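J.: What TrEMBL records for this protein is below:
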type	residues	note
DOMAIN	3-45	domain 'PglD N-terminal'
BINDING	G93	substrate binding site
ACT_SITE	H160	active site, proton acceptor
SITE	D161	site 'Increases basicity of active site His'
Amino acid sequence: MKKLLIIGAGGFGREVLTMAVDNPNYNVNWTIKGFLDNRPGVLDGFTRHPGLIRDPMDYDEDKLSRYRRDYPVLGDPLTYVPQEGDVFLCAIGDPAQRRKYTAALIERGVEFVKLVHPLAAVSSFASIGPGSIIGAYASLSPDCRIGQHVTISNYTAVAHDTTIGDWVEIGAHCLIAGNVSVSSGARIHPGSIITAKSRVGEDAVVAAGSVVFKYVKSNTTVLGNPARRFDWKPDDAPDQGQA
């Protein structure tokens with residue numbers, strides 16, 4: 001049986017862990033070996049199931065150590081030496097960081113698996129690349145092509161004949177209409193709509209709730225309805241953290 005390692009033990013990593021445990025392939029094709037993360041204490045303070053212990057009377061060292069015991073952090077993804085039977089999945093939201101960590105492991109020839117929530121509706125004529133994660137109630141229509149290491153969150157619909165490039169992140173409750181092209185590294189935040197035949201360039205960002213009607217240039221951020229270019233300072237962005 002193969003052993004799954006999840007890259008990134010933050011909030012998204014714990015979500016992916018839950019998806020993996022609930023997946024029909026769990027304990028059939030693979031089991032969970034643990035996390036790879038360069039923050040050794042990232043799981044401190046969490047119970048086995050996500051959520052902080054807030055009641056002091058509920059303090060229990062065994063509860064605090066369950067993640068570390070059952071799904072431990074086994075090392076830094078940049079230096080981890082793959083073992084026989086290891087398979088990988090990257091649970092880092094930011095596309096640039098996901099590309100960084102997956103590329104390092106790809107160079108070592110590791111195997112990435114895809115993870116599709118059992119409640120997702122995926123056409124038998126759709127294709128999904130290795131390392132991609134498809135959330136609950138997501139919908140993938142016929143002849144849509146999902147690249148490698150793509151994240152499509154809960155309740156997002158991708159219509160027919162649409163192409164999603166590698167390392168793309170699409171948030172929850174998005175609608176990606178038919179014949180759309182989303183290039184590698186793009187980030188589409190929750191609640192956005194990409195209308196039919198639109199194009200989203202490489203490393204572009206579509207802000208939450210935006211509606212794209214035509215084209216988003218590479219390396220630009222758009223906001224609003226209709227979506228227009230929005231300039232912001234990277235120094236003002238919240239810290240994305242690391243794996």
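From the backbone N, Cα and C atoms, a Cβ is placed for every residue, glycine too.
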J.: Taking the Cα atoms as reference points, how far is G93 (substrate binding site) from D161 (site 'Increases basicity of active site His') in Å?
T.: 25
J.: Need one number: mean pLDDT over the domain 'PglD N-terminal' (3-45).
T.: 90
J.: DSSP helix, strand and coil counts for the domain 'PglD N-terminal' (3-45)?
T.: 12 helix, 13 strand, 18 coil
J.: Quick check on the recorded positions G93, H160, D161: which one has the highest count of other Cβ atoms within 10 Å of its Cβ?
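T.: Checking each of G93, H160, D161, the winner is G93.
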